Amino acid sequence: MRLTRALTPAILALPAAHAAASLQDWQSLNTTLDHRLHAVTPLALPCFSIYNNHSHAPNEDACLNIQDHYTNASYRVDQVSAYVFSQSETCSPIPSQQCELDPSDPSNPAAYTNISCNTGSLPAYYIDVQHASDVTAAFHFAAKTNTAISIKNSGHDYNGRSSGPGSLSLRTRTLRSTTYHPSFTPASCKTPTGKAVTLGAGVNFHEVYTFAHENKVTFVGGSGPTVGASGGWVLTGGHGVLSRAYGLGIDRVVEFELVTPDGEHRIANACQNADLFWALRGGGGSTFGVVLSSTHRVEPEAPLSLAYLALPPNASSSTSAAFLDLLVNYTLPWAEDAWGGFGNAAATILATPLLSLPEAKTSMATAIDFVTAHGGTGYVETLSSFYEMYTKYIVPSASAVGSVRFNHNWIIPNSLFATASGQKKLRKHLDWMGSVGLVPGLLETTPYLYSGNGHGRSNNNNSNNSSTSTSTSTSSKNGSVKPYAYGGKETTSSTPAWRNSAAVLIAEVGWAFNATLSEKKALAKTLVEASERVRELAPGSGAYANEAHPWVEDWQDAFWGGNYRRLADLKKKWDPKGLLGCWHCVGSEGEGKKETGTAWRAEVVGGKCLGRLI
């Protein structure tokens, strides 16, 4: 009786199309899982007196605690029903389909007074995955009942792929083991890949950077402290500050442990299940299986040079535009010196593991002169390790979360940076973005110098020097960047555009918790227009699926280029029943798919947020 009372409310909350699984089905699954199946309720529910249009008793103490932590990323990733970007919790086109506080002021009573807290796009139930058998049970349940499965690692997906109304959520954050290998040989392989770390699927960058530092090595990862290192980041590409010299996440991962949709517990690497390994190295999350752990090569801990460039807050628009011009002009020269990081018209932070302090100062001299001449701050310093950069610069710059954010990105080919005419076209596009209220940024995080078996480029053979370059080749100072045999033209499946690019252009839009439908549509249309314009500027390039908006046209080509056909074939091989599906993921074409990540679509029909916002 106790189990029935616990599960029934969530069953009753599901729309008809997601009630194919009976109460008996859910109870049977709960028994299989040793009573570890739990209902999902909205994070902010304790603040509301109405839930799904029925009376509900608020909990003031619980509400105050939620309000205190509502915009904290570390708090959110550890909450079952919280996502870093709140579009994953809502059906954006329908204001009533949400249970949100005001992220600008979580104590604002206007968000929850006399308003119904509705389930939105949250899953129905979740499992805290502890063993491979948990995932096997979930896949068997999904095959029997036609229930959608969503996979939640840290919940950072801009497209809401890790949520889904009525779905069964597999939460992997609880898998947090860490192992350091002085020398690692993948299963069934004969050749070791060198120093490596094996990470449970739930380990995030803050945790792995700390662990790596304790073992005097460097993990090459992303900039979001709470992003999972084994989730969508590495499965889709995975870029970061050190990618210039050491490659993307997909270049560095040497083995995955996962459960495939047939329920089998597998190891995938270059020596066994090699086609699956290829698909996992860029084919996207929530597509080919549920990752339990991943193993990545690491670098020795070593000093790096950091450049900090910031204009004063009162900088004129013309000064900001000139600074953005400088970033465009120096993207290629800085890429030659392995400078990696992020820049926009206000500030830039870059780091390189290849230059000494005097060399770094020479490389950055023009930029430092510019910002200091305009009343800003510019300097270069040596840090003892990437971990010092992470703790000193990345952690303090982490922004508040819990609001709606949609991203646009396009990988800009070297050819646009290499000529004066290309730079002019790009700057004209950046000016247009500013004129419509977007804040363009450049991610200097492509694998520009990474070299391996025919892809990327060695810094002993750079042929794209811009006429604006004042730096010398890193090869004369540091030798060539270490080539890795695990690289190679055919070994990863993300968009090939990564291999011929020096930067990624990004922008984002967001809206308030109480934004009207017309306001949402206007912002979304602006973002879409920006992506269409830059695609015309750089046709044949691609986008990073993790940081793309949900309205990308011809997304198969944009996200995977010529790799898509093989990925689609492998999707049919490894998931013939289509038990895993998500928005704009491999194999998601067609109607009637069990997709996650539909939270921004236009109307709720049969339990799904369907149609188009724009």
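Cβ coordinates are placed from backbone N, Cα and C, and glycine is handled just like the others.
Taken straight from Swiss-Prot:
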type: COMPBIAS; residues: 456-480; note: compositional bias 'Low complexity'
type: DOMAIN; residues: 119-301; note: domain 'FAD-binding PCMH-type'
type: CARBOHYD; residues: ASN30; note: N-linked glycosylation site
type: CARBOHYD; residues: ASN53; note: N-linked glycosylation site
type: CARBOHYD; residues: ASN72; note: N-linked glycosylation site
type: CARBOHYD; residues: ASN114; note: N-linked glycosylation site
type: CARBOHYD; residues: ASN314; note: N-linked glycosylation site
type: CARBOHYD; residues: ASN329; note: N-linked glycosylation site
type: CARBOHYD; residues: ASN461; note: N-linked glycosylation site
type: CARBOHYD; residues: ASN465; note: N-linked glycosylation site
type: CARBOHYD; residues: ASN478; note: N-linked glycosylation site
type: CARBOHYD; residues: ASN514; note: N-linked glycosylation site
type: REGION; residues: 453-495; note: region 'Disordered'
type: SIGNAL; residues: 1-19; note: signal peptide
- [ ] Measure from the CA atom of ASN329 (N-linked glycosylation site) to the CA atom of ASN314 (N-linked glycosylation site) and give the result in Å, rounded to a whole number.
- [x] 24
Task: Nearest recorded site to ASN53 (N-linked glycosylation site) by CA-CA distance, among glycosylation sites ASN114, ASN329, ASN514 - done: ASN114
TODO: Could you check the glycosylation sites ASN30, ASN53, ASN114, ASN314, ASN514 and say which one's CB has the most other CB atoms within 10 Å?
DONE: ASN30
TODO: Look up ASN30 (N-linked glycosylation site) in the DSSP assignment and reduce it to helix, strand or coil.
DONE: helix
Task: Proximal residue to ASN329 (N-linked glycosylation site) among glycosylation sites ASN30, ASN72, ASN114, ASN514 (C-alpha distance) - done: ASN72
Open item on the list: Tell me which of the glycosylation sites ASN30, ASN72, ASN514 ends up closest to ASN114 (N-linked glycosylation site) in space, Cα to Cα.
Closed with: ASN514
Open item on the list: Let me make sure I understand the structure: which of the glycosylation sites listed (ASN72, ASN329) has the fewest other Cβ atoms within 10 A of its Cβ?
Closed with: ASN72
Open item on the list: Cα-Cα, whole number of Å: ASN514 (N-linked glycosylation site) versus ASN72 (N-linked glycosylation site)?
Closed with: 20
TODO: Looking only at C-alpha atoms, tell me how far ASN72 (N-linked glycosylation site) is from ASN30 (N-linked glycosylation site), rounded to the nearest Å.
DONE: 32
